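Single-structure report; data block below.
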Ligand code: IPE
Ligand code: IPE
Ligand code: MG
């Protein structure tokens, strides 16, 4: 063990520009320990800080995390308000430590439905983030892939109605520019912990050519070593984008 207090983690061979993760399994993590679901969300939030720091350190450009979906409002008021409270706590800390942490934050999703106090905090976080460069974490809040596509379609239709463009102008690049992820490269790798084998409305447009990695590990237990396993699996993939394998 020697003088090392932290376990040594070997750096991954391949670091994708953009990794996206569904932060799933918080509830089951808590249940396994006889704790309330909200304790799982608190542990999940701590783990986000840990993994975001690691992604920054290995030179990733973007980490996008699915924190609250357009469908998650179906949960009890108690659980929803606990999640909103944790987000508030996280953003307050992130704002205070951004200079030291060098983790810029951005948001995907329809923020108009989240509590006003959180909206203001998100806007302040965005503003502060513009003063920094480098690694960026995109937090999906009240996010749904279908909702994002509909919002983009409405924006385009409104611009057409206002005479600013015509339907024939629309192409993939232009449509991408109307999404929450405008200007951000598509995720190279989408990770879903907790054993579920579905997207649950995450990045439907952007994941068209992403690689997928599924694991049974629950999000609060998904540490740097687990991420390295996902990155090692990614390094073995042959991304053809519809072409043929390079000889
Ligand atoms: C993910 O964990 C967090 C949110 C969806 C907000 P879950 O709360 O879905 O955890 P499980 O799937 O019930 O274990
Ligand atoms: C997806 O997880 C959404 C987030 C992690 C924010 P869910 O737990 O809501 O997804 P389902 O219900 O299992 O599909
Ligand atoms: Mg879940």
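Cβ coordinates are placed from backbone N, Cα and C, and glycine is handled just like the others.
As given in TrEMBL:
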- 24: active site (ACT_SITE)
- 72: active site, proton acceptor (ACT_SITE)
- 24, 211: Mg(2+) binding site (BINDING)
- 25-29, 37, 41, 69-71, 73, 75, 192, 198-200: substrate binding site (BINDING)
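Shown here: features listed in TrEMBL, placed on the structure.
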| residue | record | DSSP class |
| --- | --- | --- |
| 24 | active site | coil |
| 29 | substrate binding site | helix |
| 41 | substrate binding site | helix |
| 70 | substrate binding site | coil |
| 192 | substrate binding site | strand |
| 211 | Mg(2+) binding site | strand |
Recorded positions 24, 25, 27, 29, 41 vs residue 211 (Mg(2+) binding site), shortest C-alpha separation belongs to 24
Sorting the recorded positions 24, 25, 192 by sequence and keeping only those with a Cβ under 6 Å from ligand 1 gives 24, 25
Cβ density check for the residue listed as 'active site, proton acceptor', other Cβ within 10 Å (all protein chains) comes to 17
Spatial hits near residue 24 (active site) (Cα distance within 10 Å) out of the recorded positions 70, 72, 73, 192, 199 come to 192
Within the same chain, the residues at least 6 apart in sequence whose Cβ is under 8 angstroms from that of residue 70 (substrate binding site) are 109, 110, 142, 143, 144, 146, 147, 201
Between the recorded positions 24, 211, the one whose Cβ has the fewest other Cβ atoms within 10 Å is 211
Expected list for ligand 3 (Cβ under 6 angstroms, recorded positions 24, 29, 70, 72) reads 24
Taking all protein chains shown into account, the Cβ-based neighbour count within 10 Å for residue 27 (substrate binding site) is 21
Filtered by Cβ distance under 6 Å to ligand 2, the recorded positions 24, 41, 70, 73 reduce to 24
Out of 29, 41, 73, 192, 199, the listed binding-site residues, fewest other Cβ atoms within 10 Å surround the Cβ of 73
Here the 10 Å Cβ neighbour count for residue 25 (substrate binding site) comes out at 24
Residue 199 (substrate binding site) and residue 72 (active site, proton acceptor), compared by Cα position, are separated in whole Å by 14
